[in-house]
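**Student:** Okay, here's the structure, questions in a sec.
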Amino acid sequence: TIKMMKVKANPLVSNLPPSSFRSSSQLSGSHGPGFAKLNRREGAGGWSPLSSDRYQWLEVDLGGRTRITAVATQGRYGSSDWQTAYLLMFSDAGHNWKQYRQEGSIGAFAGNSNADSVVQHKLQHQVIARYVRLIPLNWNPNGRIGLRLETYGCPYNSDVLSFNGQSSLIYRLTPRPRQMSSESISLKFKTLKNSGILLHAEGQNGHSLTLELEKGKLQLLIRKEERLLRYLVTLGSLLDDQHWHHVAVEHHSNHLKLTVDKSTEWVHISPTFAHWDHDQMILGAQQGFSYTSFYGCLENPVYNGLNLVDLAKQKDQRVTGNVTFSCSEPVFVATTFTGPQSFLRLPRIDQSSLGISVGLQFRTWNKAGLLLTFELPNREGRVWLYLSKTYMCGSSGSALNDGQWHSVDLISGGGRLTITVDGDEGASAHASPSFLITTGGHIFFGGCPAEENSQECLNPFKAFQGCMRLLTVDNRPVDLIKVQQRLIGNYSHLQIDMCGIIDRCSPSHCEHGGSCSQSWSTFHCNCSGTGYSGATCHSSIYEQSCEAYKHKGNISGYYYIDVDSSGPIKPQLLYCNMTEDNTWMVIHHNNTDLTRVQPSPEVNTHVVHFEYASDEEQLAAIISLSEHCEQEIAYHCRKSRLLTSPEGSPLSWWVGGPGVGQMHTHWGGAPPGSQQCACSLQNNCVDSRYHCNCDADSNEWTNDSGLLTHKETLPVRSLVLGDIQRPGSESTYKVGPLRCHGDKNVWNAAFFDKETSYLHFPTLHGELSADISFLFKTTSSSGVFLENLGIKDFIRIELNSSNEVLFSFDVGNGPLEVSVKAGSPLNDNRWHRIQAERNVKEASLRLDELPAVTQEAPADGHIHLQLNSQLFIGGTASRQKGFRGCIRSLQLNGVTLDLEERAKITPGVQAGCPGHCSSYGSLCQNQGRCVERPTSFSCDCSSSAYTGPFCNKEVSASFKSETSVTYAFKEQMVNELNRSSSSSSSFPSSIYSDITLKAENVSLSFRTSQSPALLLYVSSYHREYFAVLLSNKDAEILRSKVKNLADRQLHVITISRLADVVSMQVTHTSSVSGKRLDPDLAQIASLGFTGCLSAVFFNSISPLKAALLHPKTSPVTVTGPLIQSICGFTSANLSHATETTHHLSGKRPLVNAIRSDSALIGGVIAVVIFVTVSSLAIMARFLYRRKCTCQRQEVKTVKPEDNPELPFRSRITSQNGPTENQKEYFI
């Protein structure tokens, strides 16, 4: 039993002697550091330095390593002296300080606002250190720096070991422990070397575990019998900083947990590594060991609860080694160049030398920066040594911005200049300049002073940002502590005796596999190939379902589906079938074909396993997301029973459902648990005594098939067939792909009918990154869509005005706002989409298809969004005015909030929100009509020549010369008139007066190699006709300049007339001209038509579509072979420009054009369309013929011999078509 005890944090400073305090300076003896105790009034009432600047510090020695949990400050008693912000440093040895950072990046603590009040900060993570140093950053502008302080904590006990590269500690596990499925190892280490073995454990069977430091990162390696089979985990960074780092390895069965400081990674391991049987563990190096030895210190190494240092001190026989029980540290004083104004100026030490030698070590993330510069004697020139694109100019050094320590030495003498990078392991460059490289002045490191009149130092390059140490000038080391005390040289904006480098990519804020790169002050995520976008690769670039793709106007095909959007499930390539009203998501597996069972003599059952194209997580998410899922399952049999044996036990079954699935004994079309097939429910099994056709054990082939539709039983994972070995047994099976439709998220909506109504949900969890997306429509000019509050933090999205959306939040750095303004009002009662994202780098907001607007987060500021209230939707806890309108498809971090379910139990909010056609009606193409649904919309294609979910799929057919299609209009009316009239050719004009047409719209597509041909012919009862033909003769026409349209390519023709305004549009054409011709239409029409015809449309009638899709319910007559095809499919993708030709009234009119006071088609209309093609031209001829004069208004009876339709009468009559008094399409 482990008991957790809470230890009270005690004051650590108040009882220390004055000798425990040090400072950079003091104003006087009464202002010394020993008086800087909280709430004390001795001396001048606290510490004040000689001068108030950012290079002053106060240091406290706690007497030993201590666990520190809080710090408190006060100003100097009875004065105007206090600091308003400060940095907090810790150290074990009084040098090599480490800055405490909140949230991993924030260095500054808020200080005091007066001299007497106490400001206390509890540390987010405890610190173990002996020395505490406080550096004031800002102070009262009307006073100076004044400080009293206290730290809180408790004692810390530790056992340490020191390793010098030759020492080691070996722990032998004797007697050999039994195999355990759970083990743990923990320790702390500190080192200046970036590589070395911390720990190595091994067993007799070759199983080994290694903790290795490699380039400042910790690697965990597990091997089995020296084979390539191994696991490798890398965690942490910059671990060679000579500070303590915590490491823990926990092994639980087939999972491995590695922790380095505050970073943790879980790894799933195979059963091969599930049981460890180590019999010895080695800390540090071992004689003959092939890996790099460890230099540094280990603290409290514990294996399965045993402290190995305790065992070594007790001289336990299981522990041997040559280590010392202390931690000796070499003193390397580093300095940090924090920004562009940082520089260090040092004098020459040996002025008499004819050459110069300078050496240093540096580490940085930046690709460029000045390392050092100096002026040549007598101002004859200047020398710069700088980094450029991670290479050292003047040498062959490379990859120098990797955060590792690199050395560089510049040596000039004897007419030779040498630059060496990384010593013997690196590279050198040599030169023999014609002048002496030396200086009698100063050497500047990192940059130059900011004074404009300084001619001694010029820097045309970027300033260096990073750390330097081990500086030498003229082969003598530079004492940076004396530099800090202003005893040597000069400096500005440096942090001396510490290296403040931060690895902003460890842990990485780049999500979904994005690669992280960094500079000194920021990081960048490369999202290429991940399927995600944004500053941290957080937001998915793919849709969550096929339904979402469809309603963006896409067609059937393969699409990447990201079912949880910004969640952890990866996008998957799936097929979307959008040819029906329902949009199907199709997930295939490894065997969807009808497969014959091949029984094996040794096996009584046939087992089939199905592997799906989607991952397990994605399968479960798709099924959960969809409104309906189904999977076809079929069994074809002859003398092979399916489910039930004579004894009643199941012969066959299938396994389905989430995870490994469960056994099911029902078949497609039957309910779960029934042990039946579909025929049993339909009462049509071949033998009524059985519940499946195959169970009848017939000698004839039969089958049981149907759909499995219960989502909790899907997908089918395996199939077991049991009756396959009897003589004469034959069978085949088929398990189709998993098919799902209906995205429950897309149309999930709520209507807020009052500004005071709202929905509430649990708190939004998005500490480091959060994305919010939804659609809204409203008639209001403002309102809050969403709000969540914390103690100080908040996040809010609102309609700020009728054309502006505002996204605002606060994570502790002050409110940050991002707004997008639309070019038109947003309160137009149409759907608009909002996408907002907030991460540690930036905030972004996107409205509809407008470009996203981004706002960068403050550098090194607070990054955690801490909320604690409920999430309000459609309203707010902090304001009176909420949102009035509809919100739909609201998602937070890829998870959809069920607005409808919550709205059902919330007053003032209604579930669902109709009215989608105002936003999505444009998706219905080609005269398709948008139809509202309760939670969606559909396209009615009944008035379109096209079909498909958006009326964009062409209806095409292949014609032979003997093929014809006749469509009769007003058939019922004509039949009644025929019965009531004494003469079939005599009808009163009053019957037609209300249906006289003054406008037509005709369009069609064709593909053929036949010529000549009549393309289109329309005739009316009044002897008026309209013809489009292809011919090589002059005519009274609109004529295209295209020379050959009988080229087997697809061409589209559109003709429209309104009174005397006629236009024709033809693909491939560019101009028209008018000529005269009276063609012999009957001769051309008698040739028939061979080719492809597609998308035939006359006003609101689609005769070809009616003939192909609705032949039994439409007034069509088909003669000859009519074959539906896809020959017109490419018409939507024509690569050539289209020509639009207009003839307007008042310009050169068509000869005999229809006058505005007469109708092109009048009376009981008879229309016949003939489609033929010529290779020369397209001609549209408009003839208006009457026996009477143009001034007469009444319509004269038409005699048969005068009817322009007569040339075609022989063909129509022979096909038993309608009379000339009907309106017809003839194709």
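Just so you know, the numbers here start at 1 and follow the chain as drawn.
Every residue, even glycine, has its Cβ placed from backbone N, Cα and C.
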**Student:** According to TrEMBL, which residue among Cys886, Cys939, Cys941, Cys951 is joined to Cys913 by a disulfide bond?
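**Tutor:** Here TrEMBL pairs Cys913 with Cys886 via a disulfide bond.
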**Student:** For the domain 'EGF-like' (501-538), which partner among 160-327, 748-913, 914-952 gives the most CB pairs under 8 Å?
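**Tutor:** Comparing 160-327, 748-913, 914-952 against the domain 'EGF-like' (501-538), the winner is 748-913.
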**Student:** What count of other C-beta atoms do you get within 10 angstroms of the C-beta of Cys886 (disulfide bond), across all chains shown?
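**Tutor:** Result for Cys886 (disulfide bond): 23 neighbouring Cβ atoms inside 10 Å.
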**Student:** Average the pLDDT scores across the domain 'EGF-like' (501-538) and report the rounded value.
**Tutor:** 93
**Student:** Far apart in sequence but close in space: which same-chain residues, 6 or more away, have a Cβ under 8 Å from Cys913 (disulfide bond)?
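**Tutor:** Spatial neighbours, sequence-distant, of Cys913 (disulfide bond): Ala749, Ala750, Phe751, Lys777, Cys886, Ile887, Arg888.
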